[in-house]
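In TrEMBL this protein carries:
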type	residues	note
COMPBIAS	1-13	compositional bias 'Basic and acidic residues'
COMPBIAS	226-245	compositional bias 'Polar residues'
COMPBIAS	273-285	compositional bias 'Polar residues'
COMPBIAS	308-330	compositional bias 'Basic and acidic residues'
COMPBIAS	371-381	compositional bias 'Basic and acidic residues'
DOMAIN	44-124	domain 'DUF4283'
REGION	1-39	region 'Disordered'
REGION	220-381	region 'Disordered'
Amino acid sequence: MANRYTRSEKGKGIADSTRSSQITAAPTRRTPIRIPPSNNEELIEDNKLTLLGRVTNPSVQKPQWVLDWLIQYWNLETAVTGRTLGNDLFQVKFETEEAIQSVMRRAPFHYKRWMVILQRWEPIISTAFPKRTPFWIKIHGLPLHYWTVETLHAIAKGIGPRLDDDVPQGKIRINVDCLSNLEMQLPIELPSGEVLTVDLEYDKLEKHCFYCFSLFHEEDSCPTKPVSQRAPSKVTGISQQNTLRSLEDHRRRHDHRRAASNQSRAIEERHQGNQAVSQRSTNSHAVLPVRRSQPERDRHHTSYGPRPSDREADYHYQRSYGDNRREYRARSPSRYSQDHPHSRNRSYQPQYSRTPPPMPAREPMNLPVVPEREEVNSRSVERISALERIECPQQEPQ
């Protein structure tokens, strides 16, 4: 009898405990791969004239589409190259400092009514880069006697890095943090101790949330707005009113272009229809002279019929005319085509073939002659003409 192994020898309990420990064990993170230090000064210098871009609505803004459109929209004299970087990012590389400065002076940009974030590249490591783009901001509600450089610079410090200012217009150019919600109002304290609230108007601001003022969604999909209040609220801000006005103007221009396109298409179709009618009319007039000349040809060819003076040969000519004409055409077609004056015109040939040939063409024809009286007497009565039957009784007594 074979030896039997015990449970411990089979290792059943050990396997179960090992499996349970493997299931409950926490996953271990892999050790990061260390990158050795290297000299990257050349790469930093090579990317010095580079802009990094970020789209705010990836569902309608594909980075490659935005990149191609921006390069075409800028229309620079120097070469511009770009590529997508993933994670809704793209890179644009310029050749000169003047080219990149001319582009940034025209910022901000938008594609399909959604904003595009463009920031000059910096040798930093951050998932939040790029996040800033320039905006001209006009300050509303500031007393006129405080429209000074010091006042505007103080307000700019509370928003972001100042790039430029326009004191007579009460405007400042700020490199705005677009990853955060925009600030539409700011409280300020005057030297007299009074506290005022000023409104901020962002120039060229397109679609954004009217509830939290984020650039990445609209109000109906705002995650911070309660579901019970998802209905669009009443617009009160200056920037929101400007955005709605811009969207309405865009819709109006789109409708106008569509109406103009439909009108031009209708005019073109009407013009093509008129051309078709004119062409048919021209073709019908071109055929009319041929149709009108038909009676003239008939009158012309009727003059070639048998002459009235040939009364004695008329009877025999009428009986044998059809057969002789077919025989003549089969026997001498080339002569008819050479002698007939209209035979060279192909359009007249089928109609002239129904008429007898002209007089010169009938010269070789051997028409039957009037038979002698002896031959008449030898024929049957049915074949003798009435004139001969009258003359025959007078000749019988002879």
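Glycine residues also receive a Cβ, built from the backbone N, Cα and C atoms like all the rest.
Automated prediction, rather than curation, is the source of TrEMBL annotations.
DSSP labels the residues of the domain 'DUF4283' (44-124) in these numbers: 24 helix, 27 strand, 30 coil. On the 0 to 100 pLDDT scale, the model's mean across the domain 'DUF4283' (44-124) is 95.
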